[in-house]
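**Student:** Below is one structure. I have some questions about it.
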Amino acid sequence: MSLYGLFTLATSYLPSVGGGAALAAKAQLGKARSLYVPDLFAGILSGEPTRNPHEEEVGRASEEWTKKLVKMDKRTAKILTKANFAYLVSLAAPLADEEAFRMGVDWCIWAFVFDDQFDEGPMRDKGIEAAREIIDMLATQDDTCALVDPVVHPLQYMFQSVWQRFKARNPSPGLERRWKYTHKRCLFAILKQVDATQRKITLDVDLDDYMETRRHSIGAYSLFAVVEWAHAIKAPEEAMNHPSVQTCERVAADLTWLVNDVLSYKKDLAFGVEHNLTRLLMRQGLTEQGAMDKLGQLMESNQRDWEDAIAELPHWEDEETNKEVRRYLDACAAVGRANLHWSFKSGRYLNAEQGRKVRETRIMDLP
């Protein structure tokens, strides 16, 4: 969803209600065209997140820098402020110092503005142009790349600036590799979606292939690397490459895009957007409620995968390794939780009244 289509009214929210209240609400679904949605605030997405103390001041500075750099018109600038990306990063990286937090917010704004071009922007169905833009963006991470002219290529300049600040703290070779790899996978997944749009085969794909693309295009893996850097997490490569850690990464990424597909469904219907797992499952024969229930089942399955992975995580002889691995897994969970809370607070999909109803009753009224 582009910045223009991303936000409705700002949302305030209340604690979720389960048990009898939710069951009673489900029984009333027949009175209007509505869907009963999954319990989003469960498992690793449960609990109140911690906020970074630098959120307000740094968020303002990052927004102003971006607005001037890309020469935003007043309408787009207002939308950027409303988006409040600093809140998202605040929940994902609550322990980052001011400098690291600023880099994280700049990165987050870059990611969303850059993605605009391929979502609802001019390159949403132009594969060759999109490929060229993505290759040029990734090239800014090469140490032999010349300094980008901010006037000619403001988004490339933003990303190069973020990369230079990342490098300035001397990240480990493993973290640098993860940074580059996750960004490449993310941007290539976006390119794959552009190709599907261009060829009009968005929903004519295998379910597993669709899910693999979404878990990378959502950008969660890249944000894991941002938080790992911002929190100065120092887990050794042996631990980071363990299957249990990689399963937890996959779960946190999947829960992020599944939450988005649940909460965006009402808005996707209104805008005629088909890039949603609910639509794909309906295309494959499920009813609308059946498709939404399937999303819930996938979320529950992911939560079980997380629990199993934690149970199978080895205990390293070095206690510092165990501590750092735990910090990294907490960071992955925090990214998913941050996206969930930010999605409600920012009003990116549901306005205040709609958001309250979904949180209280798990009922989403449809257009």
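The backbone N, Cα and C atoms fix where each Cβ goes, glycine too.
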**Student:** Among the residue ranges 115-119, 195-199, 215-219, I'd like the one that Swiss-Prot describes as motif 'DDXXD motif'.
**Tutor:** 115-119
**Student:** To the nearest whole angstrom, state the Cα distance for the pair S264 (Mg(2+) 3 binding site) and N276 (N-linked glycosylation site).
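**Tutor:** Taking the Cα atoms only, S264 (Mg(2+) 3 binding site) lies 8 Å from N276 (N-linked glycosylation site).
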**Student:** Would you mind reading off the Cα separation of N276 (N-linked glycosylation site) from N260 (Mg(2+) 3 binding site), to the nearest angstrom?
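**Tutor:** Spelling it out, the Cα of N276 (N-linked glycosylation site) and the Cα of N260 (Mg(2+) 3 binding site) are 9 Å apart.
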**Student:** Name the residues of the same chain, 6+ apart in sequence, whose Cβ is under 8 Å from the Cβ of N260 (Mg(2+) 3 binding site)?
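**Tutor:** Once residues fewer than 6 apart are set aside, N260 (Mg(2+) 3 binding site) is near I218, N339, S343, Y349.
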**Student:** I want to check the contact list for D115 (Mg(2+) 1 binding site): same chain, sequence separation of six or more, C-beta distance under 8 angstroms. What comes out?
**Tutor:** I190, G219
**Student:** Specify the count of other C-beta atoms within 10 Å of the C-beta of S264 (Mg(2+) 3 binding site).
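**Tutor:** Other Cβ atoms found within 10 Å: 22.
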